[in-house]
Amino acid sequence: MKMAGWKKKLCRGHHLWALGCYMLLAVVSLRLSLRFKCDVDSLDLESRDFQSQHCRDMLYNSLKLPAKRSINCSGITRGDQEAVVQALLDNLEVKKKRSPLTGTYYLNITRDCERFKAQRKFIQFPLSKEELDFPIAYSMVVHEKIENFERLLRAVYAPQNIYCVHVDVKSPETFKEAVKAIISCFPNVFMASKLVPVVYASWSRVQADLNCMEDLLQSSVPWKYLLNTCGTDFPIKTNAEMVLALKMLKGKNSMESEVPSESKKNRWKYRYEVTDTLYPTSKMKDPPPDNLPMFTGNAYFVASRAFVQHVLDNPKSQRLVEWVKDTYSPDEHLWATLQRAPWMPGSVPSHPKYHISDMTAIARLVKWQYHEGDVSMGAPYAPCSGIHRRAICIYGAGDLYWILQNHHLLANKFDPRVDDNVLQCLEEYLRHKAIYGTEL
């Protein structure tokens with residue numbers, strides 16, 4: 001009997017010990033689960049949960065873009081020459097084999113918008129309160145290469161921003177339908193209400209932006225600045241970095257605006273007419289309205305909301321808009337001239353001390369072939385590592401380190417058919433910096 005009682009006590013002791021262990025494990029598990037609790041659908045990276053490295057890692061892994069090629073993007077963004085050479089050699093091997101995503105692909109995948117946004121890794125919540133409180137507007141003028149458009153949209157997308165997309169009327173129907181399918185998945189992305197056929201170097205390129213300006217001003221989104229883009233652009237700053245840069249402008253605009261050369265003055269000396277292309281006539285134009293001095297720049301701007309409003313509503317601005325309609329490449333002198341007009345919000349004086357080069361403005365980073373050379377001998381930048389079109393560098397992987405050293409918000413031109421590795425690394429760099437706040 002004594003032996004049986006001893007066995008019962010022993011069993012009861014083991015039972016209590018095991019129960020205690022289970023309870024201890026449960027408490028530890030609960031504490032760990034609370035410690036590592038991460039809601040990846042949280043609206044703010046500054047929330048308490050996301051202060052932990054674990055949660056940041058979870059979010060980054062859920063949004064990390066799949067690498068198409070095994071290249072050393074961290075090395076490339078830091079200017080490591082071995083990594084750059086390997087990427088350039090890899091590009092020579094694969095660029096003719098790579099098939100871009102097609103309109104049909106996007107028409108199919110966007111039938112399920114949530115699947116499309118998840119699979120293509122769109123960031124679907126504001127990454128900080130500062131960004132939430134400073135929405136940016138985009139005018140996106142595109143005409144071809146649907147994958148380029150979708151990747152550009154993904155790179156600049158944030159749910160608090162607003163995006164107007166203008167598609168060239170002449171674009172193939174499949175392209176138009178694919179763009180419509182993509183933007184139908186986002187409440188803050190829309191097609192311009194009026195579309196025009198865009199002819200190179202003609203007024204229609206400006207009209208496309210003006211149409212988006214009108215639509216964006218009617219939006220309920222209280223955007224602060226407007227950036228305009230084309231299909232060969234790509235951001236080189238995160239949305240958070242853009243917000244910081246735009247705040248530092250303090251209501252000023254940023255765009256190239258310089259005294260025109262004699263050859264560029266010919267662009268508005270005679271009237272131009274448009275058929276399928278733009279051609280000059282023998283009809284001389286009257287001087288610019290309101291004795292306004294003309295300046296030249298490029299098609300890209302960083303413009304305050306007040307500037308945009310005055311482009312459309314100010315009578316003096318409208319007179320200049322009408323006057324440049326029959327000039328050559330009016331987008332390269334309309335914005336540059338309005339930026340020096342004293343009645344325009346955020347403008348700067350016409351005095352030579354206020355001339356702004358494309359390298360000084362933050363709107364767009366471009367490598368011009370005729371400026372490339374030996375930096376140690378005074379050239380503004382080294383030769384293009386990609387190819388040239390119309391004397392503009394189509395960037396290669398060897399340009400990325402230089403690109404990232406500059407203060408511009410976007411760069412031009414990129415083409416994955418020329419070098420997809422530079423885009424892959426830029427996408428990886430921006431996504432990493434957006435989540436972690438640090439470079440690769």
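Backbone N, Cα and C atoms are what each Cβ position is placed from, and that goes for glycine too.
Lifted from Swiss-Prot, the feature list:
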{"type": "TOPO_DOM", "residues": "1-12", "note": "topological domain 'Cytoplasmic'"}
{"type": "TRANSMEM", "residues": "13-30", "note": "transmembrane segment"}
{"type": "TOPO_DOM", "residues": "31-440", "note": "topological domain 'Lumenal'"}
{"type": "CARBOHYD", "residues": "N72", "note": "N-linked glycosylation site"}
{"type": "DISULFID", "residues": "C73-C230", "note": "disulfide bond"}
{"type": "CARBOHYD", "residues": "N108", "note": "N-linked glycosylation site"}
{"type": "DISULFID", "residues": "C164-C384", "note": "disulfide bond"}
{"type": "DISULFID", "residues": "C185-C212", "note": "disulfide bond"}
{"type": "DISULFID", "residues": "C393-C425", "note": "disulfide bond"}
By Cβ count within 10 Å, point out the most packed of the disulfide-bonded residues listed: C73, C230, C384, C393, C425. C425
Per the 10 Å Cα distance test against C425 (disulfide bond), the recorded positions N108, C212, C230, C384 reduce to none
Checking your reading of the structure: which of the disulfide-bonded residues C73, C185, C212, C230, C393 lie inside a 10 Å Cα sphere centred on C384 (disulfide bond)? C393
Which of these disulfide-bonded residues has the least crowded Cβ, counting other Cβ atoms within 10 Å: C164, C185, C212? C185
Closest by Cα to C212 (disulfide bond), out of the recorded positions N108, C230, C393, is C230
If you count the other Cβ atoms within 10 Å of each Cβ, which of the glycosylation sites N72, N108 comes out on top? N72
What whole-number Å value do you get for the CA-CA distance of C185 (disulfide bond) and C393 (disulfide bond)? 33
In this predicted model, the topological domain 'Lumenal' (31-440) has a mean pLDDT of 95
Measuring CA to CA, name the entry from the recorded positions N108, C230, C393 that ends up nearest N72 (N-linked glycosylation site). C393
As a whole number of Å, the Cα atom of N108 (N-linked glycosylation site) is distant from the Cα atom of C164 (disulfide bond) by 23
Please report how many Å separate the Cα atom of C393 (disulfide bond) from that of C230 (disulfide bond), as a whole number. 15
Three-state secondary structure, which DSSP defines for C212 (disulfide bond): helix
